[in-house]
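Feature list (source: Swiss-Prot):
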type	residues	note
SIGNAL	1-19	signal peptide
CARBOHYD	Asn23	N-linked glycosylation site
BINDING	Trp39, Met40, Asn41, Asp42, Gln60, Tyr102, Ser103, Arg170, Asp171, Glu223, Trp311	substrate binding site
ACT_SITE	Asp42	active site
CARBOHYD	Asn64	N-linked glycosylation site
CARBOHYD	Asn111	N-linked glycosylation site
CARBOHYD	Asn112	N-linked glycosylation site
CARBOHYD	Asn118	N-linked glycosylation site
CARBOHYD	Asn165	N-linked glycosylation site
CARBOHYD	Asn275	N-linked glycosylation site
CARBOHYD	Asn356	N-linked glycosylation site
CARBOHYD	Asn369	N-linked glycosylation site
CARBOHYD	Asn384	N-linked glycosylation site
CARBOHYD	Asn398	N-linked glycosylation site
CARBOHYD	Asn512	N-linked glycosylation site
Amino acid sequence: MLLQAFLFLLAGFAAKISASMTNETSDRPLVHFTPNKGWMNDPNGLWYDAKEGKWHLYFQYNPNDTVWGLPLFWGHATSDDLTHWQDEPVAIAPKRKDSGAYSGSMVIDYNNTSGFFNDTIDPRQRCVAIWTYNTPESEEQYISYSLDGGYTFTEYQKNPVLAANSTQFRDPKVFWYEPSKKWIMTAAKSQDYKIEIYSSDDLKSWKLESAFANEGFLGYQYECPGLIEVPSEQDPSKSHWVMFISINPGAPAGGSFNQYFVGSFNGHHFEAFDNQSRVVDFGKDYYALQTFFNTDPTYGSALGIAWASNWEYSAFVPSNPWRSSMSLVRPFSLNTEYQANPETELINLKAEPILNISSAGPWSRFATNTTLTKANSYNVDLSNSTGTLEFELVYAVNTTQTISKSVFADLSLWFKGLEDPEEYLRMGFEVSASSFFLDRGNSKVKFVKENPYFTNRMSVNNQPFKSENDLSYYKVYGLLDQNILELYFNDGDVVSTNTYFMTTGNALGSVNMTTGVDNLFYIDKFQVREVK
């Protein structure tokens, strides 16, 4: 939840931006959730209704405008497959016009520890929301319960259940800790740089257990914490605890981002294995990550979704009548053998996308088992493209070839607009930097050209997933969805999420692959298809 003072500064800047900048494009993403109208930010209250087979997503919502503002509500959406979402009526509303139902989480009170439920409510649908009630005077933790499976909520009459005489105490994330048979809450003392850990028997009375403080990137404040047990990729029967903390403003690349720490939890204290802050997503547009309280085991035990924007420029991105999208849902695991460099293995969070689609077009194979040269670029036009595409690229670098550091030795992909090819995304890999780059600045949209915070160019360090026969192999999967690009490197060892904006109707569909150096890149596989 963004600090009000920071929003005041943003509002001042917004007043200087022409209104036309906010309405130049309105192409709605196909597989990333967007509200029907209004403003959306943090995901909240994620849970799975095992009785109905339905996923629930709540979110910070201003239905009255396309910028953040009070009163702020909990919007609501549901899904049968974690890809296609149905907007639902507002779930939780604040009590005053100058207040907000700020971020929080959902639990399923299977054993009715709260006493809110009777036997007529299926234990799998005993939903309790834990959320921050924000007023100009304070931020306090409230609870509300649902008797209809998460669609409407009744506020607990004795709220607040937790207060700290502070205007910067928010974002409770609650889970059940089976060894102690207690509820555990993490909540942010935002400007003290503390994530406080509380325990409870009944969701109503909370005891402070410990604090995880002053770790990693501090930025301006901590927000949206989360603590979850994440399985090992190598051995799913083993796991470690992961503490997620959001930072805004003050991200290394500007604005907002998510960091995480790997460690152990004993019901009282979270102890990180080291003091290293690790980055969840290396893009500019992935914030306020939250994980689901429970899941369908088909998808694993640790699933999360984030807001696909950045507070530096979120109020100005072109969109109408809604503003902002969510990321795809991602299953998380821990790669305990992640090769950070040739001499060091680290524990690393791994993420892959959930994309349940039945109407995708056929894969168009551009290149297989071929060496790329300057003369043989590969081109394809997906003439009926909707602007939602996915691609897979497996390539290798010839390590025996000597390249001058002064030469930009690149493999580039050019995703061009079908109506106007002068608008395009360029992305690719450059050998000397050993990084995958993105250029999202080739657009005629005024916001892209003029907003100083919308960074046009960025990159992500890449390491090969294997090396053999003098070739170092790399892999990238990408999903382009109208104005959101998600990139997954080496099966999700590294992830980057970024928004982009083209003129309305200029769907990306023409794809070119080029290189600036002969015989340096070997293309094992490159294929693209349309998502409908």
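Here the Cβ of each residue, glycine as well, is placed from N, Cα and C on the backbone.
Here the structure is a predicted model, which means the values were calculated and not measured.
Sorted by the number of other CB atoms within 10 A, the recorded positions Asn41, Asn111, Asn398 start with Asn111, the lowest.
Checking each of the glycosylation sites (Asn118, Asn165, Asn356, Asn369) against Asn41 (substrate binding site), the C-alpha distance stays within 10 Å for none of them. According to DSSP, Asn112 (N-linked glycosylation site) is assigned to coil rather than to any helix or strand. Candidate glycosylation sites: Asn275, Asn384. Fewest other C-beta atoms within 10 angstroms, Asn275. There are 14 other Cβ atoms within 10 Å of the Cβ belonging to Asn112 (N-linked glycosylation site). For the recorded positions listed here (Asp42, Asp171), the lowest count of other CB atoms within 10 A around the CB belongs to Asp42. Counting only the Cα atoms, the space from Asn111 (N-linked glycosylation site) to Asp171 (substrate binding site) is about 24 angstrom.
If you take the CA of Trp39 (substrate binding site) and look 10 A around it, the glycosylation sites you hit from Asn64, Asn112, Asn118, Asn275 are Asn64. Maximum intra-site Cα distance, substrate binding residues Trp39, Met40, Asn41, Asp42, Gln60, Tyr102, Ser103, Arg170, Asp171, Glu223, Trp311: 20 Å. Annotated pair Gln60 (substrate binding site) and Asn384 (N-linked glycosylation site), C-alpha to C-alpha distance, rounded: 35 Å. In the structure shown, across all protein chains, Asn512 is the one of the glycosylation sites Asn64, Asn118, Asn165, Asn356, Asn512 with the greatest number of other Cβ atoms within 10 Å. Considering other CB atoms within 10 Å as the measure, the emptiest surroundings among the recorded positions Gln60, Ser103, Asn369 are those of Asn369. Comparing CA positions across the recorded positions Asp42, Ser103, Asp171, the one lying closest to Asn512 (N-linked glycosylation site) turns out to be Asp42.
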